Amino acid sequence: MASKMHLVFLAFLSLISPFMVAQADPGYSYGYGFGWGSGSGNDYSSLSPYFYDFSCPQANNIIASVLENAVAQDPRMAASLLRLHFHDCFVQGCDASILLDDSAAFVSEKKAKPNLNSLRGFTVIDEIKARLEEACPETVSCADILALVARAASVLSGGPNWEVPLGRRDSKAANMLLANATIPPPILTAQKLIASFQQQGLDEVDLVALSGAHTIGVARCTSFKQRLYSQSGNSQPDLSLEKAYLNELKSVCPSSGGDNNITPLDYASPKAFDNTYYKLILGGRGLLFTDQQLYSGNYANLAQLVKSYAEDEGLFFDQFAKSMVKMGKISPLLGTNGEVRKYCRRPN
């Protein structure tokens with residue numbers, strides 16, 4: 001199995017993977033990328049999968065080799081790096097603000113409630129950036145690294161591949177307060193989830209497809225303990241939780257203590273990017289309240305999408321790829337806006 005996955009990943013490196021299921025939409029430029037020498041403003045059409053073809057053609061190989069080694073050492077790292085891209089794009093756009101440490105001018109988004117003691121993978125990004133700076137100084141942005149790493153994490157876990165539109169630049173500041181306000185917490189109802197995604201220009205299809213990233217990774221007890229013991233403040237569990245699963249979770253997360261204990265978001269295939277996540281939701285075994293709300297939140301369109309992805313993994317893969325491309329277009333800094341950081345943790 002490991003050998004087969006390695007071969008798939010080698011195919012990804014050459015960008016001829018049979019999992020290439022989503023292309024950049026017609027709004028993207030298909031011209032060759034010559035770096036940052038032209039253009040200004042936020043013209044999204046200047047994003048192109050070929051942006052670094054001349055200025056840093058080895059970028060994909062460098063990113064993939066570092067990530068493959070990181071995931072071999074820590075299989076959870078794929079999910080952690082995929083999550084970084086989500087948490088970046090939902091706060092002032094896909095600008096790598098999530099990577100910035102505290103400075104005299106701002107508080108890091110890493111200290112926001114959805115991120116504190118939760119986000120991982122920053123040292124992997126540091127290693128990738130250092131390697132890229134050696135090969136192509138001041139060329140590949142941290143924002144584009146996050147987008148490329150998210151795609152590589154999916155492929156390395158057995159999930160879909162897609163062409164990543166490139167050309168984003170990096171912000172010079174972070175916004176911790178905005179991170180608290182815009183990253184959806186795991187307690188939102190279906191209605192509030194829809195509203196949260198709509199604020200980012202994402203629709204219900206994107207919501208259900210992108211939630212499928214929870215097919216890999218883990219969550220801490222603090223993210224879902226309320227469901228187990230007092231969902232509505234009445235000392236009763238969430239009724240949408242299947243009873244046997246509820247008891248299993250209680251054994252991992254006691255009513256007192258254990259907040260940092262972890263359990264897989266998809267216990268049936270926690271390391272494989274597949275559609276089992278949706279199958280579990282159909283049976284009342286979505287780990288987070290927000291996971292289960294996709295099916296049990298009284299929104300027929302969401303529930304039908306969950307059923308469709310549970311029945312057809314190819315359909316899920318196709319839409320996940322398209323929605324990742326769409327999410328990656330949220331308010332990027334382009335042209336002469338922002339900068340290309342030399343070190344992802346601080347502005348130049």
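Each Cβ is built from the backbone N, Cα and C atoms, and glycine gets one as well.
TrEMBL has this to say about the protein:
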- His87: active site, proton acceptor (ACT_SITE)
- Asp88, Val91, Gly93, Asp95, Ser97, Glu109: Ca(2+) 1 binding site (BINDING)
- Pro184: substrate binding site (BINDING)
- His214: heme b binding site (BINDING)
- Thr215, Asp266, Asp274: Ca(2+) 2 binding site (BINDING)
- Cys56-Cys136: disulfide bond (DISULFID)
- Cys89-Cys94: disulfide bond (DISULFID)
- Cys142-Cys344: disulfide bond (DISULFID)
- Cys221-Cys253: disulfide bond (DISULFID)
- 46-348: domain 'Plant heme peroxidase family profile' (DOMAIN)
- 1-24: signal peptide (SIGNAL)
- Arg83: site 'Transition state stabilizer' (SITE)
*Nearest of the recorded positions (Cys56, Asp95, Cys142, Cys221, Cys253) to His87 (active site, proton acceptor) - Cα to Cα*: Asp95
_I need the neighbours of the Ca(2+) 1 site defined by Asp88, Val91, Gly93, Asp95, Ser97, Glu109. Which other residues of that chain put their C-beta within 8 angstroms of the C-beta centroid, in sequence order?_
His87, Cys89, Phe90, Gln92, Cys94, Ala96, Ile98, Ser171, Ala174, Asn175, Ala179
_Tell me which of the recorded positions Arg83, Cys142, His214, Cys253 ends up closest to Asp274 (Ca(2+) 2 binding site) in space, Cα to Cα._
His214
*Using the centroid of the Cβ atoms of Thr215, Asp266, Asp274 as reference, list every other same-chain residue with Cβ within 8 Å of it (recorded Ca(2+) 2 site), in sequence order.*
Gly212, His214, Ile216, Ala268, Ser269, Pro270, Ala272, Phe273, Asn275, Thr276, Tyr277
*Around Asp266 (Ca(2+) 2 binding site), how many other CB atoms lie within 10 A of its CB?*
28
*Cys56, Cys94, Cys136, Cys253, Cys344: which of these disulfide-bonded residues has the sparsest Cβ neighbourhood within 10 Å?*
Cys136
*State the mean pLDDT for the domain 'Plant heme peroxidase family profile' (46-348).*
96
*Could you tally the C-beta atoms, other than its own, that fall within 10 angstroms of the C-beta of Gly93 (Ca(2+) 1 binding site)?*
21
*Could you check the recorded positions Cys89, Val91, Cys142, Cys221 and say which one's CB has the fewest neighbouring CB atoms inside 10 Å?*
Cys221
*Asp266 (Ca(2+) 2 binding site): which of the recorded positions Cys56, Cys89, Glu109, Pro184, Cys344 is the nearest Cα neighbour?*
Pro184
*May I ask for the distance between Asp88 (Ca(2+) 1 binding site) and Cys253 (disulfide bond), taken between their Cα atoms and rounded to an integer number of Å?*
29
